[in-house]
Each structure stands twice: as C-alpha cells, then as structure tokens.
Amino acid sequence: MGFICGFSVATGAAARLVSGYDSFGNICGQKNAKLEGIPNSGMDHTHRKYVFFLDPCNLDLINRKIKSVALCVAACPRQELKTLSDVQKFADVNGSALCSYTLKPSEYTIPSKASGVCPKLPVPASAPIPFFHRCAPVNISCYAKFAEALITFVSDNSVLHRLISGVMTSKEIILGLCLLSLVLSMILMVIIRYISRVLVWIVTVLVILGSLGGTGVLWWLYAKQRKSPKETVIPEQLQIAEDNLRALLIYAISATVFTVILFLIMLVMRKRVALTIALFHVAGKVFIHLPLLVFQPFWTFFALVLFWAYWIMTLLFLGTAGSAVQNEQGFVEFRVSGPLQYMWWYHVVGLIWISEFILACQQMTVAGAVVTYYFTRDKRNLPFTPILASVSRLIRYHLGTVAKGSFIITLVKIPRMILMYLHSQLKGKENACARCVLKSCICCLWCLEKCLNYLNQNAYTATAINSTNFCTSAKDAFVILVENALRVAAINTVGDFMLFLGKVLIVCSTGLAGIMLLNYQQDYTVWVLPLIIVCLFAFLVAHCFLSIYEMVVDVLFLCFAIDTKYNDGSPGREFYMDKVLMEFVENSRKAMKEAGKGGVADARELKPMGWG
C-alpha cells in the first residue's frame, strides 16, 4: 500500500488532485510541459489557479463524473452571469476568461464564435472548494438531482424531498439525541463499575418498563393521530399526516413484536440472570483498576478515521494517476495502463485488512491489560498504566499475530462482499435456485466470519497469557472452548445477553426521547429517517462501549481456565482469581445440574490451554 501511494504521488497525481487540471492536461497554478499531439497543452497557468467547468450540472450518472470541458481560470464567478455580455464583463474586470483559451474576451459576444466554447448560460454563481481549487456552484440543486438518481429505491422524488426536509428541519434534535446516547452510554459504564451487583436487575426492569412504555406510547400516538379530524388539515400537509400515521403504525407493530420476543427470551433465561451478577462484579473491578479501558473505543475510532482518510486520499490520487490519453471527445484523461491499472483492487483489500488489523490491535491491547490484572496477586503492584504496557508488548512481540488473525478475517470477508455485490447486480435477473444458493453462501460466510472473529479474540488472549504464536494460540483456545462448552455457554451467553439488554436500554431511551420531542415539533415533516438515524447512532455508541465490557468478560474466563488447571487453592498453589468468579462458576454448575443439563460431561475438570 505504501508503494501504491508512492506511485500515485510520483506520477504527479498529487498535484493534479489538489490543484486540478483542465481538459487539455494542464495543471492549474503552474507551468506545464507540452504533451505531444494534444492542442492547448503546455500552457503557463501560474495565475490561473482554479478549475472551471463550462457546464457543471452535466453529470454522467454511469461513471459518476462531470461531462464538461474544464478550463483553468483566475477567479470563480461569485455572481450569476446571465448573458455573454456578463461573461465578457467578468473577464475584463476580474481578468478571468471563462471561455476557451483560443477565444479573446472581445469575441465572447459573437454568437458564431462563442457557440460551444463558452459556458452554458446562465452561469451559476460558484465558489472555490477549499484545498482543491475547483469552482463549485453555490446552488447544488443539480447535484441533489444526481443524488436522487443514485437512490434507486425511491420511485417518487417527493418522498425523498420530504425525508431530507425532515432531517434538515430537526437537525438540532437529531444532534441532541445523539449526544444523549453518548451520555447514557458513559453513565451505564459508570454504573457497571460501581453497582455491578444490582446492575443486572436494574437493566432487566428498565428494559421491561422501557419496551412496554415505548410500545404503549406508540399505540397511543397512533390512536390519537388517527382520531384527529382531517378536515382541519390543509391539503399541502395531508400527505405528510398520512405518512406520519403510516410510520406510527409500522413502528407500533414492530415494537409490539420486539417486546413479545424479548419477554419470551427473558422468560427462558430467567433462572440464569442471577448468575451473571458475580461475573459483572469481577469485570467491574477490572474497570476500577483499569479506567483507561473505557476510552479504548475512542483511540480505535481515531486510528480508523486516520487510516480511512489516508485510504480515501490515496484512492483519489489513483483516480488522477497515469499517463495522459485523449478520450473520444478529444480531451485529456489520465489512465494507468498495464498491470498497474489493477492496483486499486489491492488498495481495496488493504482497506479491509488494515481496518481489521486496527480492531485486532484493540482486542490484543485489552486482552494484555486484563491478563496483567488477573495474574497480579497484589493489585497494588500493577504497572502504572497496564494499557500502555500492553500496547508496548503488542508492538514489540505480537504484531505478526495480529496481522495473521486479521488476514484470516479478510480472506473470509472478501468473498462474502463479492457475493453480495453479485447478488445486488443480478437482482431480478437470476432464477429462484441461483438466488437461494447465493444467499446461502453469503449466510454461511457471515457465520464463518463471526466464528473466526470470536476464535481470534480468544487466540489473542492465549497469546497474551502464553506468548505463543497465532496458530498455536488459536488451537489452544479452540480446545479449551470446546472442552468447556457448557461453561462458555453459561458465562458468555447470559453475560452477552445482559450487555445486549444494556444496548437495548440505551436505544429505547434515546428513541423514546426522540418520539416525544419530534411529536411536539409543529414544523416537522416525516418521522422515518430522523428516528432511524438517531436509533442507529445510539446502538453504534452503545455497542462501542459495551463491546469492551464483553471483551473483558471473555478474557476473564480464559484466564480462569488456566488458573483452575494449575492451581487448586492449596498452599503454594493459590488461585489468582477473584473468589466471586469462582462462586459464580460453581453456582452455574449447580444450576445446570439441577436443570438436568450438566451430567458427567459437565463435571470434568477445566483443561489447560498449553503446557509450560
């Protein structure tokens, strides 16, 4: 990927991307060399620093680019120019010629000479894009139509207009609700740290009340709006009112189904909910001693944003890299020929691999810090910053392990993405059998990816404990997970379910606040898109925070497996674990035996992950 970036910069792509170039291959803002066989090339554009399109709204929806002659100009027209006389006056006053280089400003008003070489009238007011020196129309209505054309599922553009207007009208509410979800996630993390013993029951009760309350409010609003007289509604708002009524009905039915399913799941798992209290208590102690764990999602997100910015910039470089060639219209385009034209494929693979690599680094960092905490008998002797110590070990010893684990995920993710792309391209063209096979393959690859993700996370924990390579660690982790499958189910399934309830609590609270706020906003239009945006953001934020807690729980279990194998609590072989965790597993074993699910297999001793 470094070679790809260096190649695109070395071939002049950086200057062409930032400064822009005209239709004859000249880079704006500098002197240019003559291109053989291409007229108007090799011009001195030192004082012409901006790219101006003669017809900026002539968009190619297939290739997603502007089909217009591009010129280098000294200034962008800040006011609309309605006639060729205005274009000529702009050139005389500002010294910026908006017509072809071969045409003098005094000839702009001659129709026979200006036809096809001057901008399309009226010339819209434009302003230069910061850092990229392109004159972009101030009124982006033509680009809005371009966006509408890309949204193929909208058959009636008025629907899209109402959705967008709804988002713009309620942007302050959306921003406030997103901030609310962030605050609620932080509060939940604090609660997990300090009152973990009662958190499980608090979350359970609040989710029950929240789901019942949200469902009840939705049905109440639906009944209220349905009974409201439609004669008082002006005709222009009648369609909006019908859209809101239909959206409320869909929301109410969906909330009812979700509430019923949630109650059934909680009914089945009610006997195991109490067993998670001890596990949450131990994990809460980890966050008390390692408070920087809470901020891991921020560092990971920051690293991902930096990498994605680099990746997008390199992709833009690749779009302007290569040698100058003439297209069908006789204008210059820059294209890469030979094997190098397929570099962007590897660039896409690099996007997936390095993104997974960054996420895996977070998992290894968390695993290393929790392992250090677990196997330190006297917690007062912990390193000053276990997180930084874990990062240091990761960089010094375990980068290859993380790279291999993320590469395996990439090998599974790429075929799934290719199949998803083929499915979208063949939609409506393939027969039922082919569609079923394609969806089955996508589903199987998705399941394989999730299983490998879970195995990789445990392999990183095994690496942090035993300092073995990735394959050995993955094998050891897989063996211990299989041999203690019931204990894994008792700890991880119930614990993960409670964390899921925490995410549901945050989403329901944010969604309920959004419903109440949007209901009393008089100038609001359509409910659908803003509420979906808020709920998705709330779930994303809750997932980022609580996924760290989930990692800590998984790491604690593997540490416990090693601890119980090599230690039995006798003098000289004392346990490293917290006593509450041991009581939790013993209670879980008793509960499963009473339910008839334990048997002889469940009474086996925990197996080691490795010898030494």
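A Cβ is built for glycine as well, from the same backbone N, Cα and C atoms used for every other residue.
Tertiary proximity for the transmembrane segment (173-192) is limited to same-chain residues at least six positions away from its ends with a CB under 8 Å from its CB atoms, namely 167, 199, 202, 280, 283-284, 287, 294, 502, 505-507, 509-510, 513-514, 517-518, 521, 530, 533-534, 537-538, 541-542, 544-546, 549. The feature transmembrane segment is assigned by TrEMBL to 173-192 (among others).
Long-range neighbours of the transmembrane segment (199-222) within the same chain, counting only residues 6 or more positions beyond its ends whose Cβ lies under 8 Å from a Cβ of the stretch, are 191-192, 245, 248-249, 251-252, 255-256, 258-259, 262-263, 266, 273-274, 276-277, 280, 498, 501-502, 504-505, 508-509, 511-512, 515-516, 519. According to TrEMBL, the transmembrane segment annotation covers 199-222 (among others).
Annotation source TrEMBL lists transmembrane segment at 248-268 (among others).
Residues annotated as transmembrane segment in TrEMBL: 275-295 (among others).
Annotation comment: TrEMBL describes 301-325 (among others) as transmembrane segment.
Long-range neighbours of the transmembrane segment (345-375) within the same chain, counting only residues 6 or more positions beyond its ends whose Cβ lies under 8 Å from a Cβ of the stretch, are 1, 4, 286, 289-290, 293, 296, 299-300, 303-304, 307-308, 311, 314-315, 318, 382-383, 386-387, 389-391, 393-394, 398, 401-403, 405-407, 409-410, 413-414, 417, 456-457, 460-461, 463-465, 548, 551-552, 555-556, 559, 563, 576-577. Annotation source TrEMBL lists transmembrane segment at 345-375 (among others).
Tertiary proximity for the transmembrane segment (497-518) is limited to same-chain residues at least six positions away from its ends with a CB under 8 Å from its CB atoms, namely 170, 173, 176-177, 180-181, 184-185, 188, 200, 203-204, 206-207, 210-211, 213-214, 217-218, 221, 262, 265, 269, 273, 276, 280, 524, 527, 530-531, 534-535, 538-539, 541-543, 546, 549-550. The annotation transmembrane segment is assigned in TrEMBL to 497-518 (among others).
Residues or ranges marked as transmembrane segment by TrEMBL: 524-546 (among others).
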